[in-house]
Amino acid sequence: MTQVQETLVLVKPDGVARNLSGEILRRIEAKGYSLVDIKLVQAERSLLAEHYAEHAGKPFFEPLVEFMESGQILALRVAGDRVIEGFRALAGTTDPTTAAPGTIRGDLGRDWGLKVQQNLVHGSDSPESAARELALWFA
Ligand code: DAT
Ligand code: MG
């Protein structure tokens, strides 16, 4: 049974500023996933608040939105069979200090002692999230 999916990947402002966009794209392409659309965005606060609505009210919400507003983001529409879970596996777990070596966050990220973790990438976490987030970023 086919499970071709699309997911939203964001190279966050730390990834773009550290010139790691190419390295991150390389890993997505090397895994075998396809780029469907790609754009550099300076995101509005309203888009970011909507994107991260599930985290509204948490202590890291405001620092998270400020971080995501702090520079350009590379937004990607990525396709492939089971790409939603596959990209989450490539990205690694949320905390870059303990994310497994071999993952984007584990290899390229670290803790910078800030109120929000800067962990290089976002990936949709379910088919419902992917549909919602792709509509927001690639309207
Ligand atoms: P993920 O990006 O792995 O899906 P998430 O959706 O739970 O993680 O959180 C969104 C982002 O917020 C995450 O990439 C980094 C930051 N974050 C999450 N939990 C945090 C925490 N406890 N302290 C600091 N930053 C956090
Ligand atoms: Mg998330």
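The backbone N, Cα and C atoms fix where each Cβ goes, glycine too.
Note that the structure is predicted; figures quoted are calculated from it, not measured.
Pulled from TrEMBL, these are the features on record:
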type	residues	note
DOMAIN	4-139	domain 'Nucleoside diphosphate kinase-like'
BINDING	Lys12, Phe60, Arg88, Thr94, Arg105, Asn119	ATP binding site
ACT_SITE	His122	active site, pros-phosphohistidine intermediate
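Taking the features listed in TrEMBL, we show where each one sits on the structure.
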| residue | record | CB count, 10 Å |
| --- | --- | --- |
| Lys12 | ATP binding site | 22 |
| Phe60 | ATP binding site | 14 |
| Arg88 | ATP binding site | 17 |
| Thr94 | ATP binding site | 11 |
| Arg105 | ATP binding site | 23 |
| Asn119 | ATP binding site | 24 |
| His122 | active site, pros-phosphohistidine intermediate | 23 |
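Secondary structure at Lys12 (ATP binding site), taken from DSSP and collapsed to helix, strand or coil, is coil. Residues Thr94, taken from the binding-site residues Lys12, Arg88, Thr94, Arg105, are distinguished by a CB atom under 6 angstroms from ligand 1. Counting residue by residue with DSSP, the domain 'Nucleoside diphosphate kinase-like' (4-139) contains 60 helix, 28 strand, 48 coil. In the predicted model, the domain 'Nucleoside diphosphate kinase-like' (4-139) shows an average pLDDT of 98. Distance between Cα atoms for Lys12 (ATP binding site) and the residue listed as 'active site, pros-phosphohistidine intermediate': 7 Å, as a whole number.
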